[in-house]
Amino acid sequence: MRPKLLSVEAALFLALPELARAATRKFDFEIGWVRANPDNAFERPVIGINGQWPIPTIEVDIGDRVIINAHNNLGNQSTSLHFHGLYMNGSTHMDGPAGVSQCPIIPGTSFTYNFTVDQPGTYWYHSHTAAQYPDGLRGPFIVHDKDFPYAKKYDEEVVLTLSDWYHDEMRSLIPQFMAKSNPSGAEPVPKNALMNETTNFTMSVQPEKTYLFRVINVGAFAGQYLWFEGHKMQIVEVDGIYTEEAEAEMIYISAAQRVSFLLTTKKDTSKNFPIVASMDTTLFDVLPPDLKYNSTGWLVYDKKAEKPVPATVDSLNPFDDMTLVPYDKMEILGKPDKEVVLDVKMDNLKDGKNYAFFNDITYTEAKVPTLYTALSAGKDAEDPAVYGTYTHSMVLKKNEIVQLVVNNLDSGRHPFHLHGHAFQSVYRSEEEAGIWADANVTEKNLPKTPMRRDTLVIYPNGNIVMRFKADNPGVWLFHCHIEWHVISGLIATFVEDPLALQETIEIPKNHLDACAAANMPTKGNAAANTEDFLDLTGENKPANTLPPGFTPRGIVALVFSCICGILGVAVVAWYGFSAPVGSTSAGALSAGLVENDSGDVHSAQKGPQETVVSPTGDARSH
């Protein structure tokens, strides 16, 4: 037995330097409203931390323990924090989505996140409650790595965020979006694009130096094309996964994606160069005349030289991220044990509003956070039914290889994000290619070492195929990261090895207190039933479906037909009952008063003869 003991001691001794380097990083966050005007066009309330906005960048080292004490000072909104891209291995209860892995943090209360970071790379943190993060609660989360393979190739590191920006708060935009008057589901178009939360980003650079850029799209909606005039990028990381170097002149970054690259400056310092980020306007249903879809910054070599206007580009041809090769050259996972196929569509329900669906299910939050159902359901936790119909939960067995197929039956792009994992991106079709089942692609056609990331763009009416290993017990969302589509229900849930969760996860009292404050149960199925976990009576449900034959286009046509009909009848009635020229009702004349169109009362007077166009188009005078 002595040799075995010595080997353990030796292992502990060798681990001591790593343990010594790991630290506990503690953050106290007071989350509250501040005012800001990032685009110099409109000052508005934004959600800041500790009285400041933009919110702080969190920087830690791999192996560090992170403790965040979050206190909600918003007064009028609940909140939560999600750490986008972090696997939260062994800590699924720290993932952050309210109603999924925790209860919301209601105003005036606090919540503690406590987890260890065991992966390097570029991430971000943001609210995961009620589509709140576009109001400003979003910031970078950087995990440094002493073993970064490109550490000796750069001189300086830069974090660069891109985002769209709205002048109205989400609490006013959401009711406009989810309204009967918007049956086609047209998403609100942002007012501006920001670069590092400003429209005037400048970066002083030195000649012949190499910079590591960590770029994060923290926006709510728009993907962005990014390029540096006169310079090339060497991509070295996407979504926390190191890659082999890949040269690019232009990249596309969807909402929630991250790309890191090396950029080497020129020897000549006589000129400055534009940095251009251009929003993907194909996502917008309309292009308002005041829309500013480009954001321009500058690489400044000479502060005295002019900052040139960006040159016009003939076309937008970004680097294809599907061609990236992971640095560790991890090979494609083997034959899938389980295939999940999700069909994306947008449609209306009986309340007249437009919703988003996976396989005809639009996500509706359960009465009990899904994780808490998994922890309290006993052996029933392996039955997807206990999580409710409308959380769209799928139970995964330990270590099974999952092939996740998404067929986009919609005419727009979507960035799909998986919590708890980086998946292998094994296939992406072109636009209008149809569904995966018709693709005629075999295993030998798939890449040997596919790119891995946690957020992948699917093209209009196309498909994507991803693979991952169910080796991280937890409750993990899969959803579109366009925040408007999160609101409208484009979410599914993976419940991974729930019996292992029951053995390893203990919910802290601080988290249970948050549920008590929010008056939310912490045990039971989706309907909060603790007696019979298969009885879903009383579960939260979306509106009923429409009768067959109704489509968004048909609803729009019906609505406008009704409006036109009502207006037509009103005009005819008004014309038929109008008084002869020069006359006014006796009562109004006797009082010397008449009402104008707005209802204001004015002294009676004869106006000039008016010409009115009848519903038939004839001009009539009265």
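Every residue, even glycine, has its Cβ placed from backbone N, Cα and C.
Keep in mind that what you see is a predicted model, and the values were worked out from it rather than measured.
What Swiss-Prot says about this one:
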- HIS82, HIS417: Cu cation 1 binding site (BINDING)
- HIS84, HIS126, HIS481: Cu cation 2 binding site (BINDING)
- HIS128, HIS419, HIS479: Cu cation 3 binding site (BINDING)
- HIS414, CYS480, HIS485: Cu cation 4 binding site (BINDING)
- 31-146: domain 'Plastocyanin-like 1' (DOMAIN)
- 156-303: domain 'Plastocyanin-like 2' (DOMAIN)
- 597-622: region 'Disordered' (REGION)
- 575-622: topological domain 'Cytoplasmic' (TOPO_DOM)
Can you check how the pLDDT averages out over the topological domain 'Cytoplasmic' (575-622)? 37
If you measure from the CA of HIS82 (Cu cation 1 binding site) out to 10 Å, which binding-site residues from the list HIS128, CYS480, HIS485 are inside that radius? HIS128
Nearest-integer angstrom distance between the alpha carbons (Cα) of HIS126 (Cu cation 2 binding site) and HIS419 (Cu cation 3 binding site): 13
Sorted by position, what residues of the same chain at least six away from HIS419 (Cu cation 3 binding site) have a C-beta under 8 A from it? HIS82, MET88, ASP95, PRO97, ASP454, GLY474, TRP476, LEU477, PHE478
Could you state the CA-to-CA distance between HIS485 (Cu cation 4 binding site) and HIS417 (Cu cation 1 binding site) to the nearest Å? 12
With HIS84 (Cu cation 2 binding site) as reference and a Cα-Cα limit of 10 Å, the qualifying binding-site residues from HIS414, HIS417, HIS479, CYS480 are HIS417
Within 8 Å of the Cβ centroid of HIS84, HIS126, HIS481, the other same-chain residues by Cβ around the recorded Cu cation 2 site are HIS82, TRP124, HIS128, TYR133, ARG138, VAL218, ALA255, ALA256, HIS417
Which residues, sitting 6 or more apart from HIS414 (Cu cation 4 binding site) on the same chain, put a CB under 8 Å from its CB? VAL344, ASN408, VAL457, ILE458, CYS480, ILE482, HIS485, LEU490
Taking just the CA atoms, what is the gap between HIS481 (Cu cation 2 binding site) and HIS417 (Cu cation 1 binding site) in Å? 6
Go ahead and report the DSSP secondary structure tallies for the domain 'Plastocyanin-like 2' (156-303): helix first, then strand, then coil. 11 helix, 69 strand, 68 coil
Residues sitting within 8 A of the centre of the HIS128, HIS419, HIS479 CB atoms (Cu cation 3 site), not counting those, run HIS82, ASP95, GLY96, PRO97, VAL100, HIS417, TRP476, LEU477, PHE478, VAL486, ILE491
Measuring Cα to Cα, how many Å separate HIS128 (Cu cation 3 binding site) from HIS417 (Cu cation 1 binding site)? 13
